[in-house]
Amino acid sequence: MEGDSDTYSGLGNGEIDSKVVQTFQKSFVQVQNILDQNRLLINEINQNHESKIPHNLTRNVGLIRELNNNIRRVVDLYGDLSSSFTKSMDASSEGDSSSGAAMKSDGKTGHKRNRPA
């Protein structure tokens, strides 16, 4: 792409403005931070497990719960990203069809699912 312009073209038939890109970047940073935290949690869980010390094994219960919650957050963030991406692509192609949604060969629109905000 040429330079650092306020819009990015080449995705779909339209352009994605910098606000959308910033939203995606923010979400990806959140995901990466959670994954980094998960890596630390997994290391601590493994160390506690290997130590076989009762207190450390008991502590793992809470750490595993935290890990599971983090995984749910990552799944939700990716779901939101997918929905946002679909909406931005629909918005960028509104001029290409009267309904604003691409039609598949089976006559259905290309939407998967929308998550409540």
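First residue shown is number 1, and so on along the chain.
Any Cβ shown, glycine's included, is placed from N, Cα and C.
According to TrEMBL, the protein carries these features:
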DOMAIN    16-96  domain 'Protein EARLY FLOWERING 4'
REGION    86-117  region 'Disordered'
COMPBIAS  88-103  compositional bias 'Low complexity'
Sort the residues of the domain 'Protein EARLY FLOWERING 4' (16-96) into helix, strand and coil with DSSP and give the three counts.
76 helix, 2 strand, 3 coil
Predicted model, mean pLDDT over the domain 'Protein EARLY FLOWERING 4' (16-96):
91
